[in-house]
Amino acid sequence: MDYTVVWLAAGISFLVTLVLGPVTIPLLQRLKFGQTIRAEGPAAHMAKTGTPTMGGIMFLIGIAVAGAVLLVSNIPGRAEGLVVLAVTLGYGLIGFLDDFIKVVLKRNLGLKAREKILGQLVFATVLAVVAVFKLGRGTDYIIPFSSGISFDLGWWPFFFLTLFVLLGTSNGVNLTDGLDGLASGATVFTATAFAILALVTGKIGLAIVLAAVVGGCLGFLFYNRHPAKVFMGDTGSLALGGALGAGAVVTRNELLLVVIGGLYVLETLSVIIQVISFKTTGRRVFRMSPLHHHFELSGWSERKVVRNFWLLSFLFSLVGLLGAQDFWLWLSNR
């Protein structure tokens, strides 16, 4: 099978994102779309105040262009690719509205929690319905690290689990996006793992979209690595989470997402544990949550935290990939 088109998708998204940087970043600066830094955060972060945000629009355009160019033909997995692309852009739109309200309308909290969750639920519902009734995905789940053992939950449990997967992943990536290059770099590994799973199951169209996510994140890293010239904002983090969650649902690897996206799980758990501990005992388990801030306040430099968390994301993705039955079936047929 010729995978050239998948590499091309990553390349197009990478180049579009890279080219948009010198145009988008000065525009965001002129519009004064600057990031507000929490006073209770690490003191070193105060220097980031005013750094342009909403930069996620750069790689969203790159992903959309790659998808528009390469998903026109009737390739295997085209429908799956279009669905994941739609969810990615939909979640990006929710993030954009949230950023716009915070940065432009100066409403610090952005969209109300119920408004943001409602928007995410709408796209998650569409994904669940389309996956089962249009893509023939079924309502069964493959148990990771097994010989392909699966179990069928039926429609309603599948529906609610899909909602949970999309909301959990998008907000997990959002929580991870707290250091220069952390979320964009970690997503390179996570999205690569799901792109490989799409390829080995013959879903080239889906692999194209996920490869475009990888390319867009790599292009964005040129401007987002420390010291960051731009932040992705909720525009980018919610979109990336939507892409990963939707990719997991379409490839029937929702359970494996817990492993492949293990870094996001750790970041989210650190927040949950911190809140529960403080409310029940008045004590904090971590110096600060999410987890990356704990290591910063423990004396690690921002670069060191990011490098180690990238490595952790790579290892989670590798272990998760090795736990996928589809991957081993593909290897055995080579």
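Cβ from N, Cα, C; glycine included.
If you look up Swiss-Prot, you'll see 5-25, 52-72, 81-101, 116-136, 148-168, 181-200, 230-250, 256-276, 309-329 marked as transmembrane segment.
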> Same-chain Cβ contacts of the transmembrane segment (309-329) under 8 Å, 6 or more residues past its ends?
Replying inline: 142, 144-148, 179, 182, 185-186, 189-190, 192-193, 196-197, 200-201, 251, 253, 256-257, 259-263, 266, 292
>> Applying the under-8 angstroms CB criterion, which one of 5-25, 81-101, 116-136, 181-200 scores highest with the transmembrane segment (230-250)?
In response: 81-101
>> Please identify the stretch among 5-25, 52-72, 81-101, 116-136, 256-276 with the greatest number of Cβ pairs below 8 Å relative to the transmembrane segment (181-200).
In response: 256-276
> Top stretch among 52-72, 81-101, 256-276 for CB pairs under 8 A with the transmembrane segment (116-136)?
Replying inline: 81-101
> Do any residues of this chain, six or more beyond the ends of the transmembrane segment (81-101), have a C-beta under 8 angstroms from a C-beta of it, and if so which?
Replying inline: 33, 53-54, 56-57, 60, 63-64, 67, 71, 107, 110-111, 116, 119-120, 122-124, 126-127, 130-131, 135, 166, 170, 203-210, 213, 233-243, 245-247, 250
